[in-house]
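Here's the structure we're looking at; comments come further down.
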Amino acid sequence: MKTNTASLLALATAVSALPSPVQKRACDAPVKLSGSENAFASYTLHPNSFYRAEVEAAVEAISDASLKEAAAKVADVGSFLWLDTIANIERLPTELATEIPCDNILGLVIYDLPGRDCAAKASNGELAVGEVDRYKTEYIDVIAGILKENPNQAFALIIEPDSLPNLVTNIDEQACQDSAEGYREGVAYALEQLNLDNVVMYMDAGHGGWLGWDANLDPGAEELASVYKAAGSPSQFRGISTNIAGWNSFDLTPGEFSDATDAPYNSAQNEQQYVKLFGAALKTAGMPNHAIVDTGRNGVTGLREEWGHWCNVDGAGFGVRPTSDTGDELVDAFVWGKPGGESDGTSDTSADRYDSFCGMPDAYTPSPEAGQWNQAYFEMLLKNAKPAF
Ligand code: BGC
């Protein structure tokens, strides 16, 4: 065919009128995962390009040569990609357009429930209480569609950090009462719609200092299990995520807060104990009980004045890198859930989402809005990393 400018233009117009280009397939055959297997035993958590770009920008801003060299290595650590707003779903097709090795699993955090973060302010979300239909159609359905379009890519999902745990322990707060119905309906819907062959799912279970209290174990397990059952006991469901964006040690014994006066009421003094005890309660309640545990920022302990302090803990360090070598049959993997360097909440007391926990003496200040990059905090995590980079 003879080409000239006019025919090239016509061709370009025709191409741009076609449906969006077929996305690059990670593997050359469909992926088949199952809730009865540990996907992390055969897949590596993918170092996503979103966090890589944040880290690479951070590296540019560091002048000290040895710190710069150490910082660059963080870009290669696998971590979860947060889809924390409808607009940020866009991060997913962007990621899927990059090279993802066939043996990598892409970790995603589903995090946009109506009335999000009901017992705190720092991560209050875009959807109001009552907007569960928008959550379904504008958020979950869109994500489900993208996952279906990419059957050759493996995905691991963390479903809605903190949501159901808040209904167990913070239901005396009006905002959590108002949110409860939407949380249960929304999480069940997510579990149903995202139950795809190329996906494994973990429902968030807080951490040992939350549902690990003796009195919370059974009610917590019943809350999570009832939502799992309402979703039809999905086949791709594997268990729980713990310590997401948290600070607890995996196996420090007897545990960071074991000297506290209330310690006798909590036998889950580290995350390993928590997975064991809560796992047993889940089993009784009829829910799969394997776990992934966030070790992204738990390299240093002994920093918090109280167990419940959750915001930008000062002096923290990166922890163990993602691995399925956990030494515990119930624990599928250590993962980096919270991308270290992104803030937990603003320390600006005049901001709408200012939460007093982010102004505590053991919280790092100044800190930007939740999810925003904090260069100084990243450098601190790096300097205090254990193991070192
Ligand atoms: C924030 C999200 C952010 C996530 C990961 C959460 O606390 O609310 O906006 O994506 O942390 O940094």
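The backbone N, Cα and C atoms fix where each Cβ goes, glycine too.
Here's what TrEMBL has on this protein:
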- ASP117: active site (ACT_SITE)
- ASP162: active site, proton donor (ACT_SITE)
- ASP344: active site, proton acceptor (ACT_SITE)
- TRP82, ASP84, HIS207, TRP210, TRP310, LYS338, GLU342: substrate binding site (BINDING)
- 1-17: signal peptide (SIGNAL)
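This view paints the features noted in TrEMBL onto the structure.
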| residue | record | contacts (Cβ under 8 Å, 6+ apart) |
| --- | --- | --- |
| TRP82 | substrate binding site | ASN88, ARG91, LEU108, VAL109, TYR111, PRO339, GLY371 |
| ASP84 | substrate binding site | VAL109, TYR111, ASP112, GLY125, GLY371 |
| ASP117 | active site | SER123, ASN124, GLY125, ASP162 |
| HIS207 | substrate binding site | THR242, ASN243, ILE244, GLY246, ASN248, GLU271, TYR274 |
| TRP210 | substrate binding site | PRO165, THR169, ASN216 |
| TRP310 | substrate binding site | ALA120, ALA245, GLY246, TRP247, ASP344, PHE357 |
| LYS338 | substrate binding site | PHE80, ILE244, ALA245, GLY246, ASP294, GLY296, ARG297, ASP344 |
| GLU342 | substrate binding site | GLU54, ALA370, GLY371, GLN372, TRP373, ASN374 |
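Around the Cβ of ASP162 (active site, proton donor), the number of neighbouring Cβ atoms within 10 Å comes to 26.
Among the recorded positions TRP82, ASP162, HIS207, GLU342, the residues whose Cβ sits under 6 Å from any atom of ligand 1 are TRP82, GLU342.
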